[in-house]
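In TrEMBL this protein carries:
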| type | residues | note |
| --- | --- | --- |
| DOMAIN | A:206-264 | domain 'CBS' |
| TRANSMEM | A:288-308 | transmembrane segment |
| TRANSMEM | A:314-341 | transmembrane segment |
| TRANSMEM | A:362-384 | transmembrane segment |
| TRANSMEM | A:390-415 | transmembrane segment |
| TRANSMEM | A:427-450 | transmembrane segment |
Protein chains: 2
Amino acid sequence: MSTQPETLQQRLERLNSALEEGSTGQVRRMLNRGLAAVDVAQLLESTPPREREQLWAMIEPELQGEVLQYLVDDIQTEFLGRMSVEQLLSIARRLDTDDTADLLQRLPNTMIQRVLAAMGTAEREQVERVLAYPEDTAGGLMDTDTITIRPEVTLAVVQRYLRRHERLPESTDTLLVVTRRRELIGHLPLTRLLVSDPDITVREIMETDLVTLTALTPETEVASVFERFDLISAPVLSLDGKLLGRITIDDVVDVIREGAGHTMMSMAGLEDDEDTFAPVLRTGRRRAVWLGINLIAATVVSVAIGFFEDTIQRIAALAVLMPIVSSMGGIGGSQTLTVMIRGIALGHVSRTNLRWLVVRELLAGSLNGVLWACVVAVIAVVRFDDLQLGVIIALAMVINLVTAALVGTLIPVLLKRLSIDPALSGGVLLTTITDVVGFVAFLGLATVFYT
Amino acid sequence: MSTQPETLQQRLERLNSALEEGSTGQVRRMLNRGLAAVDVAQLLESTPPREREQLWAMIEPELQGEVLQYLVDDIQTEFLGRMSVEQLLSIARRLDTDDTADLLQRLPNTMIQRVLAAMGTAEREQVERVLAYPEDTAGGLMDTDTITIRPEVTLAVVQRYLRRHERLPESTDTLLVVTRRRELIGHLPLTRLLVSDPDITVREIMETDLVTLTALTPETEVASVFERFDLISAPVLSLDGKLLGRITIDDVVDVIREGAGHTMMSMAGLEDDEDTFAPVLRTGRRRAVWLGINLIAATVVSVAIGFFEDTIQRIAALAVLMPIVSSMGGIGGSQTLTVMIRGIALGHVSRTNLRWLVVRELLAGSLNGVLWACVVAVIAVVRFDDLQLGVIIALAMVINLVTAALVGTLIPVLLKRLSIDPALSGGVLLTTITDVVGFVAFLGLATVFYT
């Protein structure tokens, strides 16, 4: 009867306890019959490399293909890289064209050619049609198994035609109406087919205001079109207007989820499609690059402080308070930066409203600058019994929070214009600037005041 | 014929140029006829408050309801707050039950009661059935207009029954099969209805392995179920197993998008459903709280440095190099933290594999610690011509990067166990710890070595 879906956690725990008890038979049964392919993938993604190998070996070859398509790129590449052409072929035979093409793209070019060469002509041509387009475009996402009908037939004929199928392609919500030359002229939603008089023709009731994608539409644009029009599927056309295939919502959901996660991971200098359980060396190597970039930034900041070594030597209290100025600037700037990155991603920011945003951020930054400058000044005066020090840190705070607001607003816009991902490099750039400005303002004012 | 969808940017620019030319007539036409409701919402979200008011006033009352449901909570609350009961009623009359309930939830309780009291009995009961459940549960997301059929009838009867409808509810992909007591026993996908023999009964071909949600299932769990099973719609049951309604993929897509954006915004201490063009005072007030929390953290760090004021007084070079140690620790820790937050969100992290992750992070942290410690030591020695200083900063770097790895792994797990959002408070907690450990290690070692 009806299934109450188990939570992710429950499923993991059930399998983990079977694993711990060492009951291989039970694990094997769960992997091959007890769990859906998507859950097996989830389980593999939640397992460290060595145990993952063992689990993978227990999955029956017929099921491996379906499990593979749900795995993150990292793990796909690993498993696929060790397969023979025969194994790859038998996996391809069980998948949709678009899923096969997705998996093939993880392989080196020579291997792709060998697998394609071993396929039947019809199958190869279908896969090649998808492979012809970059993975992150509508063409790379599309499926080629569409049901098309002709405009001049009646709905009764359409129904008889459908009954000749054993099943319709997954997520079929509408039938595409094409001319003899595969030019798309409309579509007939199943819900409309079912409520209409069987004697009228397709042309009379088909919907003609359809939203189409071209094969080279970028996947982020595809996702935004699906969201705007609440679509379940959308047809993909070639550049000369011929119907190539269709994209379904399940593939788009993946794009939407990955897109949002991408920004978050980028902000920490990470790849979005990374294996959570990547081995030490791969993890270490990938992170080293980001730490290196950051070291350059930190060295710049350190050089800026170096100009004021004499002042610090005389008043060590400055070194004690320094981090407060820079940290408040960094936090204020990051908030502005995050709001801007989100605003750009949502398409809210344009040439015309940028000035309004800069002014808003400058005003909000000034308000918070003055507020927290007063608080920090009081802390400094109480702690070091030095009124001048309070004035200096208050001024530095205001300068730094206003700079942070300005820089946080403009950096993402400038990076975007230079076609650099603002989420990736915006943070390092911002904190380098706020650190330098904060330290120079604070230590520079101190040098002036105390001499 | 077919529509090539305009990009977000193009639509905005077209309207902006009409606005700039001051051609109110043209703007009014675009708002009320030229653009889809979702595009008008996008446009309002991309406009500063004053111009937004003007645009809103130009939208015909009949369209306002549809536009409203696409706006972020902030703006919904603003517009709805100024409407009369009559205006709210006329908006409710044009929307689905779930969308009406969504909008009503933005209003104060007394206003909700006044609107409900003014509704017809049938309408009120439907809306109240959705309002009974929290906004972020399956019950709060569901729609109550479902098509149900009985198991004993033939498909031909089903088809005749459907033809009595003028149209089927949006995103209907399957018909729900219920008993006389509204107990759900299966479902009949439209795609299966269309390929099957009209003379067999529903019971013979309905699918019985259906995935159901209960009204109190949290929306994040709803999203994960839709993703796992590639669903277009799913039925929602009451706690005693009666059919209440169904959830469709378009509402789930919103949950998925918001969920991923939520983590990113939380990491900067921001609300995820915020108006990009919120006015200065609201923006300033919301950010002040986060800056205040950060000031407490920065003060703790400053107190830690304070213990070494004498050492800094003697060797000002320490103050110059200090930020390098803390910044590298902060970056290393943030990378670990982000990987863990994502791993937890994806359900990859559990009691059993946590130890593996801690060990992996400690090893990767050590490797990078040693690598960058050497580089920084060379920089320090070259710059200050002091071998001892190089050794001290190298040791402090290794200590701080290893600590960052350990803390970055454990903080999100601990916060999660305490039911605190790791994305919100993890970053401040982490950098406070890495700053304190970095400064104490560096300045402490220096105090020991130089005395």
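Glycine too: its Cβ is placed from the backbone N, Cα and C atoms.
Counted as Cβ pairs under 8 Å, contacts with the transmembrane segment (A:288-308) are highest for A:427-450 among A:314-341, A:362-384, A:390-415, A:427-450.
In this chain, the transmembrane segment (A:314-341) touches the transmembrane segment (A:427-450); three or more CB pairs sit within less than 8 A of each other, excluding pairs fewer than 6 residues apart. Within the chain carrying the transmembrane segment (A:390-415), a Cβ under 8 angstroms from the stretch's Cβ atoms is held by residues 321, 324-326, 328-330, 332-337, 340-341, 344, 349, 354, 357-358, 361-362, 364-366, 368-370, 372-374, 376-378, 380-381, 421-422, 425-426, 429-430, 433-434, 437-438, 441-442, 445-446, 449, all 6 or more beyond its ends. In the domain 'CBS' (A:206-264), helix, strand and coil residues by DSSP number 27 helix, 17 strand, 15 coil.
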